[in-house]
């Protein structure tokens, strides 16, 4: 762990940007069709419970990282193995986000640029940021958050003015309620909400531990509402069939804007949101892998790990899938159930259970 | 290399990537396509005609709007097996890269729309990066799509712009048309409870002359582009045309009327009173009656009297009520006629099915599959109209009233 502190407002911003990131851009919870926004809201509510599990673990060891207290809880060999697996999980998640970022950028803005170049440029920036440490990541967040807020406001204003919103696209609601719950538990709960598991690596840096609960709950709820709102906007502008065919619904919504015959072709808003979001999620994931590795292997200067880990993420992102359809297929059907469910929910609950028993003995 | 050189080295190494020149294209290597027209040849291949903007001849602001000696557009024709191949072939003829991001009009010939439909064409447009889904679609009626985009226009330098403007004006002023873009078309085409409508265009006059500068050198031109009816699509294919009053009726039901005029007969005088709609709202309600769907359409219109060609005492509110009653009957008849035509062709252009899906999602499932062919044609539609005359222009009684008094 490096010697650094972040404030509650910084944590709040980092959490929001981290969760919004790619979730804002890809079709979220679309298996629930018209009711996807409901699925998002339900997932938000459940993820607040998840946060309380992570927080309970943090309260047992307020100065330790997730990868440190696994050793204390389940023994040296098992604990260190688990910590190592968590680091791999963070690296893989970072690689997935980087791949999504690269593909989005290429598929509509730079069709002739190789994926490797776009990803490499992004990872260079990420490497530089995490080399500087968590404080710099948090301060970058503060800066970018203002940009994101302005973009969101501008975008909503334009969509409202151009008269594209057709609320009747949202009806009928609750056409298939079991499907909503199924979507929540197979998909939406893990991306983006369950991903806050990485913050167990960041909570110890907080300067006012008492305010953690308020800050994080506010950040999670605001993210949930923002995502649900974006989904409502997309559905009411585009209609469900078109969203299901779109790789990036928000982009299609932005492209539909035509105000006064000159405010149109506003794709640049999407590119900005894409770069800010992609940068942030990759940076946070890689940073958590970095401090985890540093503490697991007792490396005195964690920042030296920035280059090797960054390049690992870059190459992993290149080899995880041969095309985007395969990438999405894995992201929807395999990754949530076989990787995210155990790492985000089952293992933390198990660790909490052990922590509870161990501390009761004392 | 010493350590202090590493960072400058990295920064220098990034420079070639960061300049953003990777796939840059110079402006002079681009040909901006303003309209894309597709026809079909007998052997099944597509013939694409591209209306390219000729930047040298479009007068800029600095030139004070004086038009050049040459046409402001150039058109090129190429053939191919799909829209993309056509565009690629055309690029080789034009010797520039065709740039589609500013294409505002997609013209499909009537023949192609009828025989093959649009389903196989539009995917290329929707999938492509440059092509916008806000591009308007029109059908060229009784004329080849390729010839349609070759006609020069006088006041608007770019014919594609002129076509879109006249489309929007007829939509707004006459309520006889509808501007459909790619996105709306595809959304309606994939929906089980709705079918798309696309405006038709025709060319009146001598097309061959209209392609040359002769067209612009006379005040009336050799040929004019005209909006002409709305094409009804079913399963992606053009099946029917709606013209005149029927198209107005269609737009009444679709809640798309903005300023349409309504003429009514008065005491044996044909079209004696003209009414201009200012505000309009159509509500469509669905209900299930004896296990069968029923639709009630309620139209509410507000407007002014604009032309009165018979002596009517409009200072008398009772007379105004009678005029309102006549207006209601007229609008109701138009709307009903439009619905009947749609039922006859078995195409739910009004989206009644979609409305039913919204309000009765459970019942909809049993109708969904056979909606267009069985349930929609047999649908019980009830049309009610409320028309209000709010003002009568700058005068009350027409001067004809006084003329009549004089002659008595």
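Note: Cβ is positioned from N, Cα and C throughout, glycine not excepted.
In TrEMBL, annotation is done automatically, which means it is predicted and not curated.
Remote same-chain partners of the transmembrane segment (A:12-30), defined as residues 6 or more beyond its termini with a Cβ less than 8 Å from a stretch Cβ, comprise 6, 36-37, 39-40, 43, 97, 100-101, 104, 137-138, 141-142, 144-145, 148, 183-184, 187-188, 191-193, 195-196, 198-199, 202, 215-216, 218-220, 222-223, 226-227, 230-231, 243-244, 246-251, 270, 273-274, 276-278, 280-281, 284. Sequence annotations record features per position, and here TrEMBL assigns transmembrane segment to A:12-30 (among others).
Within the chain, the transmembrane segment (A:36-57) has long-range Cβ neighbours (under 8 A, six or more residues past its boundaries) at 28-30, 66, 69, 173-174, 180-181, 183-184, 188-189, 193-194, 196-197, 199-200, 203, 212-213, 216-217, 220-221, 223-225, 227-229, 231-232, 235, 344-345, 348-349, 351-352, 355. Under the heading transmembrane segment, TrEMBL lists A:36-57 (among others).
Residues or ranges marked as transmembrane segment in TrEMBL: A:77-95 (among others).
If you look up TrEMBL, you'll see A:115-131 (among others) marked as transmembrane segment.
Listed as Cβ neighbours of the transmembrane segment (A:143-165) (distance under 8 Å, sequence separation of 6 or more from its ends, same chain) are residues 13, 16-17, 20, 226, 233, 236-237, 253-254, 256-259, 263, 266, 269, 272-273, 276-277, 279-280. Among the features that TrEMBL reports, transmembrane segment is placed at A:143-165 (among others).
Per TrEMBL, transmembrane segment is recorded for A:185-206 (among others).
Per TrEMBL, transmembrane segment is recorded for A:218-243 (among others). Non-local neighbours of the transmembrane segment (A:218-243) in the same chain are 11-12, 15-16, 19-20, 23-24, 27-30, 33-34, 36-38, 40-41, 43-45, 47-48, 51, 152, 156, 159, 164-167, 169-170, 192-193, 196, 249-250, 252-253, 256; each lies 6+ residues outside the stretch with a CB under 8 Å from one of its CB atoms.
Marked as transmembrane segment by TrEMBL: A:268-293 (among others).
Through the fold, the transmembrane segment (A:305-325) approaches residues 91-92, 94-96, 98-99, 102-103, 107, 115-116, 119-120, 123-124, 126-128, 130-131, 247, 282, 285-286, 289-290, 293-294, 299 of its own chain, all at least 6 residues removed from its boundaries and within a Cβ separation under 8 Å. Here TrEMBL flags A:305-325 (among others) as transmembrane segment.
The transmembrane segment feature in TrEMBL is assigned to A:337-357 (among others). Tertiary neighbourhood of the transmembrane segment (A:337-357): same-chain residues 50, 53-54, 56-57, 60, 69-70, 73-74, 82, 85-86, 89, 92, 186, 190-191, 194-195, 197, 200, selected by CB-CB distance under 8 Å and a gap of 6+ residues from either end.
Same-chain neighbours of the transmembrane segment (A:268-293): 1-2, 14, 17-18, 20-22, 24-25, 65-67, 83, 86-87, 90-91, 93-94, 97-98, 100-101, 104-105, 109, 122-123, 125-127, 129-130, 134, 137, 140-141, 144, 147-148, 151, 154-155, 198, 201-202, 248, 250-251, 254, 299, 302-303, 305-306, 309-310, 313, counting only residues six or more beyond its ends whose CB sits under 8 Å from a CB of the stretch. Sequence-distant contacts of the transmembrane segment (A:77-95), counting only residues of its own chain at least 6 positions beyond either end whose CB sits under 8 Å from a CB of the stretch, comprise 66-68, 70-71, 195, 198, 201, 281-282, 285-286, 288-289, 292-293, 296, 309, 312-314, 316-317, 320, 339, 343, 347.
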